[in-house]
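A short write-up of the structure that comes next.
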There are 4 protein chains.
Amino acid sequence: MTCALGNLGADLPQLRPSPKMSSSAPNTPLAEKIPVGILGATGTVGQRFIQLLEGHPYFVVAAVGASARSAGKAYKDAAARSWKQITVIPADVASLIVQTCEPENFKNCRIVFSGLDSDVAGDIESAFLKADFAVFSNAKNYRMDPIVPLIVPLVNTSHFDVIAHQRKVHGLSKGFIITNANCSTTGLVVPLKALQDAFGPLSRVVVTTMQAISGAGYPGVPSLDILGNVVPYISGEEEKIEIECSKILGGVTADLTGFSNLPEMKVSASCNRVPVIDGHMESVMVEFQKCPAPSIEQIIEALQSYTSDAQKLGVPSAPEHAVVVMKEADRPQPRMDIMIGNGNTVAVGRVRKCNIFDVKFSLLSHNTILGAAGSSIMNAEVAVAKGLI
Amino acid sequence: MTCALGNLGADLPQLRPSPKMSSSAPNTPLAEKIPVGILGATGTVGQRFIQLLEGHPYFVVAAVGASARSAGKAYKDAAARSWKQITVIPADVASLIVQTCEPENFKNCRIVFSGLDSDVAGDIESAFLKADFAVFSNAKNYRMDPIVPLIVPLVNTSHFDVIAHQRKVHGLSKGFIITNANCSTTGLVVPLKALQDAFGPLSRVVVTTMQAISGAGYPGVPSLDILGNVVPYISGEEEKIEIECSKILGGVTADLTGFSNLPEMKVSASCNRVPVIDGHMESVMVEFQKCPAPSIEQIIEALQSYTSDAQKLGVPSAPEHAVVVMKEADRPQPRMDIMIGNGNTVAVGRVRKCNIFDVKFSLLSHNTILGAAGSSIMNAEVAVAKGLI
Amino acid sequence: MTCALGNLGADLPQLRPSPKMSSSAPNTPLAEKIPVGILGATGTVGQRFIQLLEGHPYFVVAAVGASARSAGKAYKDAAARSWKQITVIPADVASLIVQTCEPENFKNCRIVFSGLDSDVAGDIESAFLKADFAVFSNAKNYRMDPIVPLIVPLVNTSHFDVIAHQRKVHGLSKGFIITNANCSTTGLVVPLKALQDAFGPLSRVVVTTMQAISGAGYPGVPSLDILGNVVPYISGEEEKIEIECSKILGGVTADLTGFSNLPEMKVSASCNRVPVIDGHMESVMVEFQKCPAPSIEQIIEALQSYTSDAQKLGVPSAPEHAVVVMKEADRPQPRMDIMIGNGNTVAVGRVRKCNIFDVKFSLLSHNTILGAAGSSIMNAEVAVAKGLI
Amino acid sequence: MTCALGNLGADLPQLRPSPKMSSSAPNTPLAEKIPVGILGATGTVGQRFIQLLEGHPYFVVAAVGASARSAGKAYKDAAARSWKQITVIPADVASLIVQTCEPENFKNCRIVFSGLDSDVAGDIESAFLKADFAVFSNAKNYRMDPIVPLIVPLVNTSHFDVIAHQRKVHGLSKGFIITNANCSTTGLVVPLKALQDAFGPLSRVVVTTMQAISGAGYPGVPSLDILGNVVPYISGEEEKIEIECSKILGGVTADLTGFSNLPEMKVSASCNRVPVIDGHMESVMVEFQKCPAPSIEQIIEALQSYTSDAQKLGVPSAPEHAVVVMKEADRPQPRMDIMIGNGNTVAVGRVRKCNIFDVKFSLLSHNTILGAAGSSIMNAEVAVAKGLI
């Protein structure tokens, strides 16, 4: 890799963002950290939350919630068979007693991170919102709600501006709910935002995804379906990409009461599952409204120099680069490049002319870090930085 | 395999077209079959030729050619380590002595099938052409030559009409050269041709491929590069798709001296390698010139009812269906569907509306049967049926 | 697949034994075939039964049974999502209405093949036995029952001799129950039997398995557990191998009322799951009681020349060779060799001296053909040949 | 994982030993570090050396050697296509000019680490030895030389005692050569040493390996050979295991002029390649000379409490635990457990009774860290600690 990643090795604790290291903030004493709860703590996303929050400078996991079947057990016992991370369960979480996902069991928490499945997330998250928690959700249920921000932290933290209105509508003093995007949407919107910021509105985006199995959770995809195979379908995935992009890349209305989507930007997605553990690859084509379109060199420059608000705020999980542009002909690749920026950077490669649109490229993003729990955590860090918590 | 499995092949039609069965032609006595030679016989494509020609009703393998390193050895010894088919080497080929690829070593042959690498195919195929052989080549060298047909047998056998002119130019009496297309092009043009025949010219085609490792030959792709990984690049592949489609889907000039390409049809390809053994998956988007575009139902009907000239001629390798349209939400898949039509049918699925173009769908084709040796053989069958041999 | 591929199966014998071809028996008219039922028809083993019985010369599938959830639906609908074979559902079975697994629903059948899970197989198979059906079971429940034969058809069809006693005990006129062995046991005992027949009793057998994922059924092994991984544990598998070998390789008591196991033969198994679709590999070490032990050449000769009773009886599924010994240094391999003998032959390779025991070798057997449904069917063929049905 | 790894997460820079962190030694200023050279620097093992030595507290890479084809290029250019590590090339090494592997090009180095292929390692390492370098070699060439130590640093650092004699024989003042073991041997001997130390000599060891593809280097294993497959053969591997164990687990002669092997310990190995990136799994059976044998509980205790000399010396790469015993039924697994102890710990699981020997278990070790470059580096650290450098 010839891009400016010279110090990547140096800060490669590799499996989690290293807020202690990459942030200049002094290490917060444990007693002063913000206690957070994890909803859906035994699931794949819940596990990532727990892993990524180990040693976090702002937050400490103080409660874990799961279904009634797990409730009452120590987390290490409830998650024993399903823990599929390559680091061990952090000792302080291992001994927490799993609770059912009811607000009264999380009274010691200021924030809850939700890794709940969508079939239960709606009611539970709503209950926590009403109980005045700050809810950061990975579930799809409220993403398109007109007063719920759908925030990819490297893209549209300006959408936090709707929180005041949301609180007012729901009669809350300190609670609110923020959702983050579908994993395959997340990787896509970061370079799209870079291009939109540099060159104005996009008119058309074609994306074909090759998505990792970890995106389906555990047990998730049966091995007989994916070993040596490609499955050209992921239920609901194409629709999510097509509608979420428009909200994320859009703005906030002038009165800060909602979102101004981008109906003029057309997105067409085709989603495939491939036998990769972590890391969604996407083949992308983009057309600009602006004519003539920027050159390939200008596009590369815009991608490389893009800096999100989360980075400017210096929150702990924000990577040095929101986007890295790889120059090798055959990169990025999931096996090699998935941990760039501790899993919070989008790797882009093969930026080249397209016969039909203005540019095409490949991108790779970590579907369970930036694409799930990592985004939620970075969103929460931004909320802290913005004084919302 | 040296054990006594000589007759295993006999009850394993699975991996080659079964001309004996699907053709109504009575079995030709061996003495009357057309003797053919295989150039590049020890390579992956050469092996497929040998496998697919076992028991062929028209052709019998009479000579095998490879590099000087292999020449002089019995084929079974020369190919011992590299034979990667799941059927055994046919007994009659196993004992053939490998020759260097020079015309004088193939005097007993009327036809040569070339599975040569492109770095040597140019000179060798040219020498065989000058020596008045009928050459059927998988190599890319002459595909874009203005008097060399580039034929996908389920698409454009009308391009054989240029042979008379080609012979005249080269001063040949019975020889000629026919190329078949790149493996990823081949799967694509079959449904495109069905749509073009039914609804008129296409204006734009976007294709993102997920290609099998067998397409790179042996040893080919190192396992460290592809296990649990996606490689978003295959050298030269996108260019091949983009230029070959135009020639294949175009016609023959009125004076039968060349080809009328389709410059108005724009094709944009993005090619990826995935950890699949056999079978190229492609996510495709198509826009018609015709407005309004046909409905999804009309498109499905056109794909299903498409019948190529090769099928109408009833040549032995022609599948019952050129295209099958699968109705399950998650098909086709390489592991399950690759042998439909004995590897000579293109499986299409997920035919649906596109936000940007008129239709999008997924397709699967067998990259080393229809996409390579199978096409060459079917082309030769068509040449026989047309009286060119 | 719902498209018009009804006759695809007809020229794709590859995935089932091809009794029509390999047997000299003339094709039995359908009306005279023996009607059979499949219990657990929608599961992985049930599917293999249906696939392998298509066009069978003795048997015709007349009824299919599954859980109450599937009952009442056409088989093609009940199995639509779980059918994971690479051939399509045979047309005559596709339209059968799925029944619950009760004897009154199978009155038109003479035989039932059971692919039931062990948690329900016990009661259901018992009910069918009491209703005087001939039951051929893949389940483990009755394998070690003292009057139930545990038969690997290439090894111990002599155990059918206990049927008369079994009928007497259960008061049956024509019914009986035969079990076949665990998939990893099955591949092992075939060469062990060849060695035992040639050189007398074995004293010690060490086996380390590398087992395919299809052995765990569908959905079975989660892809997150096995992609790029090895799992050194399969619940209950080692115990099954260690106890089943002794019964299968043992004889029948002199009074034909039970089995004389081989307690003096010690077996130690270590079982691993690997990312392979079909085909169990086993590294085996054997020590003979006989001293001096036979030479490696004698062992190879004994393996190659071994002919089981099923082969001598000429039943349709019996392969030409019970064991093939491959001479290449790096074979057998699942991807290349799994279909030798249509999946009913055990491939052995690397027969060589061992520093500790007398010989070591690698073997490969098809876990869902010879290792499951194929054995049951061959057992039923033997029962027919022996006049038990 | 319930074993005592609570602080694993905390020191998980994951892809290299973290001497800076795990050692209590203050960070050595660069100018005082020992300059080392890497022979075979562009190969897979060479790359691991470079990766693992980044930021090393004792050593700094000062020269890199490769074949004449690479010589003269900057390392980053010479290794551009073959670099397959998931961290980037360290900046200081990237700009080093690759040298041919001749001693005069490494005059600035005190130590050379050799990742050379065995076909060239013999002559080159010999030349460096004669030129009085301290040579730490991964190649097999001198492993069985009667005056060359074969050292697995977690097992037999006592073999350094022969260095004085080796120097005398070769007339060297400060140079010497140390080899480390074959990757599959290395994982095996660590628990064997623990058992031997606790319970006396072992009489018989059976090992069946399931080895990762990275062990074969790059390009190494073709993907067509291993995807969805098992290859039951690795050239020369079984012999290496069988002979190396005896030397490593043996002692040094009383006069410190050679090694006392263990001919009475019989080892039988069966080696298989599986589709795993990193991490060799081994199914092991052990018999003790001692009778009665220790109990399973005693064996587990001995494995867990084993502490090697390298650990006692506190060298930077020494892991906290030489062996961890996992209690879950299905562990260790390569995908989950390969980085325990930063890749320098051997994970053992499924310790249980064996029907034939005294105990059987599964083990996992990192084949390119502990099994290759990591051992060499730890050996060099021990040499420093022992005052040999």
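Even glycines carry a Cβ here, placed using N, Cα and C.
Pulled from TrEMBL:
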type: DOMAIN; residues: A:35-163; note: domain 'Semialdehyde dehydrogenase NAD-binding'
type: ACT_SITE; residues: A:Cys183; note: active site, acyl-thioester intermediate
type: ACT_SITE; residues: A:His280; note: active site, proton acceptor
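DSSP gives the residue listed as 'active site, proton acceptor' a strand state. Put simply, the residue listed as 'active site, proton acceptor' is 8 Å from the residue listed as 'active site, acyl-thioester intermediate' when counted between their Cα atoms.
Residues belonging to the domain 'Semialdehyde dehydrogenase NAD-binding' (A:35-163) score a mean pLDDT of 96 in the model.
Helix, strand and coil counts from DSSP across the domain 'Semialdehyde dehydrogenase NAD-binding' (A:35-163) read 42 helix, 26 strand, 61 coil. Mapped onto three states, the DSSP output places the residue listed as 'active site, acyl-thioester intermediate' in helix. Around the Cβ of A:His280 (active site, proton acceptor), the same chain contributes A:Cys183, A:Ser184, A:Gly187, A:Thr209, A:Met210, A:Gln211, A:Ala212, A:Gly215, A:Leu364, A:Ser365, A:Asn367, A:Gly371, each under 8 angstroms and 6 or more positions distant in sequence. A sphere of 10 angstroms centred on the C-beta of the residue listed as 'active site, acyl-thioester intermediate' encloses 27 other C-beta atoms.
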